[in-house]
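Colleague: As annotated in TrEMBL:
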TRANSMEM  B:6-29  transmembrane segment
TRANSMEM  B:41-59  transmembrane segment
TRANSMEM  B:65-83  transmembrane segment
TRANSMEM  B:95-117  transmembrane segment
TRANSMEM  B:137-160  transmembrane segment
TRANSMEM  B:181-206  transmembrane segment
TRANSMEM  B:226-250  transmembrane segment
TRANSMEM  B:257-278  transmembrane segment
Amino acid sequence: MTARRRDLFLCLILAGFAALLPVVSGVRYTVTQTTFFFIWATVVVQWNLVFGIGGIFSLAQMALFAVGAYTAAMLGYYLGTSMFLAMPAGALLAVIFSVAVGLACLRLRGPYVALLTLCVAQVMYLMIVNDTDCFTNPPAGCMPLMGGVRGFSRFGDLGFRELLGPAFYIGHYYVGLAMLTLAMIASVVVIRSPMGLAFQALRDNPAYAAARGIDRFKYQLWIFGLSSFFTGLAGAFYAVNTGVVGPVVFSFSHLLFLLSMIIVGGVGTIWGPLVGALLLMFADEAMRELGDLRDIGMGLILVGCVVLMPRGVVGLLEDLARRRAAQPARNAPLPTKESA
Amino acid sequence: MDVSLQILASGLTLGAMYAISTAGLALVFGAMKMLNMSHGAILALGGYLSYFALTGLGLPAPVGITFAVLVCAAVGVVIYHIVARPMLQSDNFETRIFIATIGVGVILESIILEAFGPQPKPQPVSVPGSLMWGGVYLPYQNLMILGVAVLIMAALGFALQKTRIGRAIRATAQNRDAAQLMGVRIGGVYALVLAISGGLAAVSGITISSLSSLLPNMGADPMLKAFIICVVAGLGSVPGSVIAALFIGVFEAVVQYIFGVRFSFALLLILVILVLIWRPHGVFGRVQGVRL
């Protein structure tokens, strides 16, 4: 079995197990929290393509998430578009936006990219929050074009409320699971393909990659485009799932949460982001009681992990496995001069 | 005419405030290739510490400001020893330290939030009164900020150019290994550079909050702007970053007058993207040949 088949197989098995959860545990809180896990995991699995596999330290992922969420919410709110159409529309717009950001970052390296993409998100946030001109005047009060500080609500849903009644959250659970499974399969297919190898080559040795005819321009735009579809979709689904979209999606603690997931799990590994997302969801749950101290805990986890465990949990396990595999060779008698 | 002079005056004040925090960032990046994402939180910490010393402890202003500057410098040293030093030798130090300092910034900001609460607080360090000069309205506060900025920049420039320690910093920035071979204790240089940067952040936090007010997240916006200025100037160039800070301050004042406050950051960002497409290493940045 090739590595690619193994990983895809593992994806489907995990998805199968996850599908049983609402049947086994009917607790609403567990199910809705797991739905959030699906959303965040989708974002970090795709972010890993840019940051881990492509080696481009872009922080634009939250902005792409917001583009997806806002597109879906605005289409639903202003035009009454069905969410079945508005969600893919949000994802597609995120792709276009991401390719534009990729173009702007083409000539930059390393932390310059992080700064520029962080500023892009900050500008979007300021443009939305500082907009006080009324675009429409519904009975609820003045509504700026982008929703202003208040954001959007009541822009439609996927119709699970009519279909399943009070158990509508189970519908959302399966939509989220399907989205994460597809995102994970897409990620495995990309990483284990010639294109994924090209991304990794450009990351590890740009000059050698270029000498072998790998076009940085082309592949950077590809990776920005590829990684943004599911990010935008996750944003749109987040909008549908929570029923509100506001400037809170740009908040720094969101970014910190997602960045911690990818770092704790292991940057550039296939399963790292998924593991990190799971661990951080549990950590977040454990710190729920701490209130405002939660951010301090998140910060400590992030700093501790970057300082002590730069390759994350999955990277650490891979290193251990490799060391164990190398052990017998080390114990074998070394060839001496006489025997040689 | 009066209007343009007025815009120039407020633009220069803005630029002077930016210059103080930008110089610290540029110094740290130049010496150790570290983008300090906790700079904004240290800046807010400086503002709050001065508030705490003056309002809470009733200390006189010079003592309170010195207290704030010293504590923030100490925070810089702590960041060096706990966060930066263990990863200095790693391959992707630039990315790792960037992420780690994001975490440090969040921790500091949450501590400030816990200690002082989310309500805005007034900065007690202020000079009342103003001056009318040729039809231009100049509050003493703004003049003081300009004066402080010029003084600090002059002192920093002198220290970097003429003193032994300044030479050690510049040598480390130029070539870490060569400096180390010549007997420069680069660990000490790094700690010192972060301490200076922390102290400058405190001054910048006090000046910025004296014109608006203290908020736990007040550092985010000045820090991003300081980074933009650094990028425009070319990361690591201290004199370049001061010139760029003054230019960006005036640019922002002009944009705010013509288009309104809302668009100032957006237009600033567009300007930066254009500059970076024109010169990816910044206007004053050294174009370094990349060795592959």
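Just so it is clear, glycine is given a Cβ too, placed from its N, Cα and C backbone atoms.
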Colleague: Considering only Cβ pairs within less than 8 angstroms, which of the stretches B:6-29, B:41-59, B:226-250 has the most against the transmembrane segment (B:137-160)?
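Modeller: It is B:6-29 that shares the most Cβ pairs under 8 Å with the transmembrane segment (B:137-160).
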Colleague: Excluding the flanking five residues on each side, which residues at least 6 beyond the ends of the transmembrane segment (B:6-29) place their CB within less than 8 Å of a CB in that stretch?
Modeller: 35-36, 39, 43, 136-138, 142, 145-146, 148-150, 152-153, 156, 169, 193-194, 196-201, 203-204, 207-208, 211, 222-223, 225-227, 229-230, 233, 235-238, 240-242, 244-254, 257
Colleague: Should anything in the same chain at least six residues away from the transmembrane segment (B:41-59) have a Cβ under 8 Å from its Cβ atoms, list it; otherwise answer none.
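Modeller: For the transmembrane segment (B:41-59), the sequence-distant neighbours (Cβ-Cβ under 8 Å, at least 6 residues beyond its ends) are 21, 65, 67-69, 71-72, 75-76, 104-109, 112, 115-116, 121-125, 198, 201-206, 208-209, 214-219, 222-223.
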